[in-house]
Amino acid sequence: MARINDHFLKLKTGYLFPEIARRVQAFATAHPEAQIIKMGIGDVTEPLPEACRTAMIRAVEEMGERATFRGYGPEQGYEWLRQAIARHDFQARNCDIDASEIFVSDGSKCDCGNILDILGHDNTIAITDPVYPVYVDTNVMAGHTGPANERGEYEGLVYLPITAENHFTASLPSQKVDVIYLCFPNNPTGAVATREHLQNWVDYARAHGSLILFDAAYEAYITEPGIPHSIYEIPGARECAIEFRSFSKTAGFTGTRCAFTVVPKSLRGQAADGSWVDLWSLWYRRQSTKFNGVSYIVQRGAEAVYSEAGQAQVQGLVQFYLENARIIRQQLAEVGIQVYGGVNAPYVWVKTPDGLSSWEFFDKLLHTCHVVGTPGSGFGSAGEGYLRLSAFNSRANVEEAMRRIGSVFAGAGAVG
């Protein structure tokens, strides 16, 4: 009899987004006339930049000629893409990152989970609360936690609350932890970390031999000057941090699939016998064994992001979604609903009005406004009493959704 991975049985019933989809489908079936506006899952809506489309079309044509046909690509991704990434995303910000330290992949979500393949099972892991559910669930699947308690918190994880009181930036752990997940700009709260805050984390990690897993998927949305876009802008980060990036939310690649992970060659981890091993070699071995790379066509599209035209077009996309976020923030504030985020991130973190729970507010929005958000409690117990709205939508949908919410919640009185 084949045995299953019993750790999957510890997962809370239903991943957050499938549960949202289930409720929305049930409502849509019962009310087929309803025009539902989905502002929950952070999927982009606007077309791929023209520069990317043109590059991909050209690459398709190359695949039709024997002389320019490409088969399996390099395990880390093509050098021309990695060079462009290193030059534009890191070296331009005085980050000491080389193209050889970049691994191209088909998604930062995948990499955030797959990185656990090279880490041991006895690490103490710290996550913020609320948090992107993938960080938690992949550790549960890998057997790094015990069961969940009645609050949905897993034994073995160290939860670091991020609240309005601490400006949605967690304090350093009071105990020693081995692995730390940080996401800035933050999903779901939209908060950013100052240089000083990140320096504190880097100093902590170096003092305790900890590893920071830094998710920078939304760095392109940072508008405030002086806010770091990369953990490697912080002195000492090369010795303690891995960074995840994605083209999904910057260049609209959610359906095209391209991302990258940075593993500095100076980064070390400890083996069971006490020896030190460089994580770059482990990650290279893992990727070479389990991943065949991103398609040549998609990598050419990603390379075009760094062209002059591509940079202008991507900036246009980012500004479009940030304007959506501004509209959401402004309209909700005008009817007395407290909001956070949406300035340096495409997400607006909404305080539920009238003492409603996260799921109660979700259901009220769905049933009375025909608008879908993401319940804050789905991101962790500290997210209870909040709901995330995504700016990834058409301008018409955002304006209509805010009109509907405004008509229902005028004078909600949730300003804090």
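Each Cβ is built from the backbone N, Cα and C atoms, and glycine gets one as well.
Binding site for pyridoxal 5'-phosphate per Swiss-Prot: Tyr72, Ser108, Lys109, Tyr132, Asn187, Tyr218, Ser246, Phe247, Ser248, Asn292, plus Arg257 from the candidate set Arg58, Arg82, Arg206, Arg257. Around Lys249 (N6-(pyridoxal phosphate)lysine), taking its Cβ as the centre, 25 other Cβ atoms fall within 10 Å, counting all chains. Listed binding-site residues: Lys109, Arg388; maximum Cβ neighbour count within 10 Å falls on Arg388. In terms of C-alpha distance, the listed binding-site residues Gly42, Lys109, Asn187, Asn292, Arg388 place Asn292 closest to Tyr72 (pyridoxal 5'-phosphate binding site).
For the binding-site residues Gly42, Lys109, Tyr132, Asn187, Asn292, Arg388, a Cα-Cα cutoff of 10 angstroms around Lys249 (N6-(pyridoxal phosphate)lysine) retains Gly42.
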